[in-house]
Amino acid sequence: MKFDVIVIGGGHAGIEAALASARMGMKTLMITILAEQIGAASCNPAIGGLAKGHLVKEIDALGGQMGLTTDKTGIQFRILNASKGPAVRGSRAQIDMDRYRIMMRTIVLNTPNLEVRQEMVDRLLIKGDAVVGVETNLKNVYHAKKVIVTTGTFLRGLIHIGEIKQEAGRAGEFASNALSDSLKSLGLRLGRLKTGTCARIDAKTIDFSRMEVQPGDENPIPFSFRTDRKRFNPTQLPCYITYTNERTHEIIESNFHRAPLFTGQIEGVGPRYCPSIEDKIYRFRDKERHHIFVEPQTLEATEYYINGMSTSLPPDVQLEMIRSVKGLEHAEVVRYGYAIEYDFVDPTQLKHTLETKSIKNLYCAGQINGTTGYEEAAAQGLMAGINAALAIKEQEPLILGRDEAYIGVLIDDLVTKGTKEPYRMFTSRAEFRLLLREDNADLRLMPYGHKLGLVDEETYMKMIRKKEQIEKGLDLLKNSFITPNKETLELLSSLEEGKITDKTALVNVVARPTFTMEKLEVLVPEIQEFSEEAKEQILIEAKYHQYIQMQKEQIEKMHELMNVKIPEDLDIDAISGLSNEVKEKLKAHKPPTLFAASQISGITPAAIEILHIYIKMHQKRRVTK
């Protein structure tokens, strides 16, 4: 059978890739090992978080599905870092894992142009230097113009629970060994990574009265720009907080000799920022306790996820350490935690479109590219699906810049710097994070989503109206002035704001740390009729207008550098002043521009200056010939 696009895998990356492709008119096939598990959340029952919430909002602004499904299946919504600046705030939701999976599966199966097959892809079919289709374990052959690999942890997946090892892509599901061999046979460099998950506890056996309650926000904010914020009133369940203690640490330390992480049984590199509990105890011996978040997995709350206790220790040790924790003294484990090793593709072998450099029409997205997290996977899947469809339509690819989106930062980091450990998104990775906030993701990216046909007209026009209100409000603040007369001073005093001594632009008054939304509505009554989202934007943009302007100027300088193309026929070896290491990296990565070169790990500013000089010399020689 012939398709436009084949997506291998039905996880978070696979779903977004398949939906984007099908919604853009491509005849799409999703091949997945177990159709019932489309959209399954393999690890924690949550979407979003610091920087991850940004990704979900950006996915939504481009027309992706994750945010909307989270809003419909979420059972707790919180804004993390709410007391900090807007650039580092992050939306997070606990999801009902069952309903999330069922909803995603239903959406996939009901989407026009999208078919699903429950099979396992064993081999990629190659003609010349391009992929042309796949062969499955059932010996079925499917041809396609593009193939997107979104296999998650399934490539040679190996589960570890103490001394027990089991080939699996996820607990209870087959590993994909043949496809890993197929990728390797095509000359792609594969590495080995490791991640893990926590035990799930029977709710009946937990004493919640001995734990701290962590409720959701009183006025929850949805992820999706398509969700009606005024009517958003989800049923929310609390999470709970408890802590490890000295006894917990003793149990774990006395069983290091049984931990696959320390016995040499596990070879893959684990996530630095989400270590297992045994790794935490080993690395942070000075810590007297560690947070444990007890999170409901479904609305019925029959099982709880013990977040913070990811482990591959044997079952008897897991039970003992869990029962040493306050509130879990009588806990019964429904599912034990485990570690899983899996193959990944070195992402420096990919273009910014996520197409492989050496094999045409083959794309990789998600954990196969070395990332960790549902949100990072979904973002890559969406971009791979979009770019595969655009390539078939013979249209320009969508490559988001580091100044446009966290998705742009994510992909640029992967394809230029690569990763030796599971890559997780942080706000600190974004140079222009004050411009890349959650609250303005729609303004930044929805024009792309609308142009692609992934965002409907009604949603797009809602964004346009919001944008117009923001521009009108900021224009008022920047071009309206107040003078220190009696009326003005009385107004400021009534708002509990300090005096002004000179003629002052309203924007500078609003920029004060003490200035709130309520005060803004008094000072500028015209904005009272604006939407809540627009008013929030006006307040943020006004408060940080000087810093925002500085970042915009930095971006202009970056664009000048970005536009300097590196000629394909430039002889890198002939450039004196560059170290051999820099030359090797430039030849290996083949960056198209100076900016791309500057993002490669180990390429110094001095090397960029030298390269810039030689490019100018190269261009002059061309002109004189």
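Each Cβ is built from the backbone N, Cα and C atoms, and glycine gets one as well.
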Review point. Of the candidates Val88, Val121, Val294, Val455, which does Swiss-Prot annotate as part of the FAD site that also includes Gly9, Gly10, Gly11, His12, Ala13, Gly14, Ser176, Gln367?
Key: Val121
**Study point:** binding-site residues compared (Gly9, Gly270) - the one with the fewest other Cβ atoms within 10 Å
**Key:** Gly270
Point to revise | Shortest C-alpha distance to Gly270 (NAD(+) binding site) - which of the binding-site residues Gly9, Gly11, Ala13, Gln367 | key: Gln367
Review point. How big is the gap, in Å, between the Cα of Phe284 (NAD(+) binding site) and that of Gln367 (FAD binding site), rounded to a whole number?
Key: 27
Exercise for review: According to DSSP, folded down to helix, strand and coil, what is Arg272 (NAD(+) binding site)?
Suggested key: coil
Review point. Reported as an integer number of Å, what is the Cα distance between Lys280 (NAD(+) binding site) and Val121 (FAD binding site)?
Key: 37
Check your understanding: Which value in Å gives the longest Cα to Cα span across the FAD site residues Gly9, Gly10, Gly11, His12, Ala13, Gly14, Val121, Ser176, Gln367 as recorded?
Key -> 18
